[in-house]
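As given in TrEMBL:
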- A:112-297: domain 'Protein export membrane protein SecD/SecF C-terminal' (DOMAIN)
- A:20-38: transmembrane segment (TRANSMEM)
- A:138-158: transmembrane segment (TRANSMEM)
- A:165-185: transmembrane segment (TRANSMEM)
- A:191-208: transmembrane segment (TRANSMEM)
- A:245-263: transmembrane segment (TRANSMEM)
- A:269-295: transmembrane segment (TRANSMEM)
Amino acid sequence: MFHLRLVPDNTKIPFMNGRFAGLITSAFLSIASIILFFHPGLNYGIDFQGGIVIEARTPQAADFVSLRHSLGGLGMGQVALQEFGSPQDVLIRLERQPGDDAAQQVAADKVRATLAETLPGTQVRRVEAVGASVSAELFANGMLAMGLAMVAMLLYIWFRFEWQFGLGAVVTLLLDITKIIGFYAVTGMQFNLTAIAAILTIMGYSINDKVVVYDRMRENLRIYKKMPLRDLIDLSINETLNRTLGTSMCTFLSVIPLALIGGEALQDFGIVLLLGVFIATTSSIFIAAPILLFLGENRLRRGTPEAAGPGNPATTP
Amino acid sequence: MLYFSRWKIYTIVAICVAGFIVMLPNFLGRETLASLPSWYAHSKVSLGLDLRGGSHLLLEVDMSAVIRDRVEGLVDGARQQLRTANVGYTAINAGDRAVTVQLRDPAQSEDAVKALRGLASPVGGGALGGGQPDVTVAASGNTVTVTLSEVALRDRATQAIEQSIEIVRRRIDETGVNEPTIARQGTDRILVQLPGVEDPDRVKRLLGTTAKMTFRLVDTNADASTGRAPPGSEILPSAEGERFQTNYVIRKKVEVDGATLKNASASTNSQSGEWVVNFEFNSAGANRFAEITRANVGRPFAIVLDNKVISAPVIREPITGGRGQISGNFSAATANDLSVLLRAGALPAPLKVIEERTVGPDLGADSIRAGLTAVAVGFVMVCVYMIASYGLFGSFACFALLINLVLTLAALSLLQATLTLPGIAGVLLSLGLAVDANILINERIREETKKGRGVFASMEAGFSRAYSTIVDSNLTTAIKMALLFIFGTGAIKGFAVTITFGILISMFTATVLVRLMMVTWLRRTRPAALPV
């Protein structure tokens, strides 16, 4: 009976030969991402920066020239118009209006009125207007959630495995996340609450993936007591390769529809998740494992329960 | 791991069937639902505003105005207390949260402190009384300071927000919105969710008006055009918009308070045909109103709403019936709005809309359609992959995935959780994550088979070895989602909810249910080799 295999059984790919190449590529990409984060920076959405987004459907194909003219004439700073989905669907973005939180509401009402005047029959499908104090709070909460998630992951893995695993996983996570943020900076995608949700999801997925590979390493550490750590890591990765790729494939397949037909709100989310699944899968192999190799070369074996009997406490001299 | 007792099998099947029954009303038509008992027909997922359409408003109570009001009250109180105690003063100044009094004679400071202590009223006490005084009084030289305590400020804020919520609820009920949600958020915010409201303009206008109505006398001795009001009076603009703006000099003293209104309604005046608002006082208000109008016949009497003069008619005769009429260039809409505001009562402090998110019903319907399509497509693709990779065992996993979807919907229906657009994304993602368990198990069984173990031994080892990994990986995701639920807002919470349900339920469907299917198949067919 034929069964689809993403990689043949009994692969013996020496992944650890590529450990420097993997780490250097990853570090390079992450450093580039950090630079991009500061310059040109992220395109913060209204959740985090305040401002107004209005989604409208015009009766005929939208007349961008007159729309830009009439909205630009309101004196409300830069007005970004964007077509999406169909020529009748327009997304209008206004930067945060000077003044207090209530000023956003006034501006949103003005745009509504102008739309009704310039293009009669226009249907306003969505309005979001967020003031500065709300957006500052949302941003703080988002960052807090990410930070806490990171700490929680570290503690969890530390508790379940030895500290080398926890540190390896968290460093890998940091490298993963910086790349995602770099992606937001390069593409100019809106960085908003959905982006935080995407990043948290990718963190969860990435840790998930690391846990499976680490689990196998721990198991093999008990079985093959004499095998050098480097070979043992390679063996563990190869043994779990079909699972790693299979789960990535399934997640990929389930997210693809989101990226294709998710609508304005979820399309970006889907695209970032697809990228995240890719990054998380490769980082399990090329980042998390080499870090573990460097951290644990001489120490890890001592930490296994078999080696550390009651009369032989696991302390490093 | 491979043995299932009879009652266990029944329980597993019963859970699946129950899930199916619970989530069924989501897919039934309106007519069918109407014929079902209501407790069952209500077992439906409630859709978030982004899917059903509606308006989400976040309001902020202006707490500084609340405190300013209280400080101004203290100034008036201090003036009276000092006068009755015969303490002379040169100035009383209102600060941020304190009142300072400059005494004429420092020797009187003890008397002043004693008199001003009379301003205090206890706060923070329980039903048995107690509590602390809400102000502290301190003297140094010829200055006496009355300061509002921290507890008093908090108490005021709590009171203000609770009152505001009550008033907001009454005003929204008047507009006839179905199933509004009005909830307190944090210390000074109110969350208002209005399903089905496409243009929240009117609601925003209604909520943005404090609607503090007072009846006061016009100061006929002063001239507004000089721009200066004599003490005890103030200059207030008329409410008629900027073009016809006229100013009035109005006495500060409130003769009748709008809080004594019992009822208000809009109608057209039978003679002039213009829109007016009729109002009716309660008995205390009616008495006070009769008294004032009797004493001031022939003088203009101003109706002031939020520091704007709506009209200032001349009193022709005493009004004793406790009823009156306000006219002032109203349209049908503004007359109706004003009567709503008067009926619902005044807000204790101004409210500001600081966040609005409105979704039209069309967009919501489009989102539901796109979401359902995406879930269906995702499901099919994952199933194709699983069956291609693991054959029969893959199809077991697919069936379990279907049950997972059913149970997730059932859990959402049962707990009345809200399904949002990001929530649908969560359902999709959990499709991919849920089969992870099956991939782990199948790969493990495969490995064990290759090591030369027998059919039953491979299965046994596959399940038991994969189990700890499955728990580990699912727990990490659950931790993430708990954080997202706590710190996320609105629609994002929905994402955390569905993904958490999806993952927890997958612990049942992908392991227990699939194991039952595999074991049953194994016992029926007794195969020589496993199809992995």
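Just so you know, glycine gets a Cβ as well, placed from its N, Cα and C.
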Based on Cβ pairs under 8 Å, which of the stretches A:138-158, A:191-208, A:245-263, A:269-295 lies most in contact with the transmembrane segment (A:20-38)?
A:269-295
Remote residues contacting the transmembrane segment (A:245-263) - C-beta distance under 8 A, at least 6 residues beyond either end:
6-7, 85, 205, 209, 269-271, 273-274, 277-278, 280-281
Other parts of the chain folded back onto the transmembrane segment (A:138-158), taken as Cβ under 8 Å at six or more residues beyond its ends:
47-48, 130, 165-167, 169-170, 173-174, 177, 193, 196, 199-200, 203, 207, 210-211, 214
Go through the chain and flag residues at least 6 beyond the ends of the transmembrane segment (A:269-295) whose CB is under 8 A from any CB in it; none is fine as an answer.
15-16, 18-23, 25-26, 164-165, 167-169, 171-172, 175-176, 179-180, 183-184, 189, 194-195, 197-199, 201-202, 205-206, 209-210, 213-214, 217, 229-230, 233, 237, 244-245, 248, 251-252, 255-260, 262
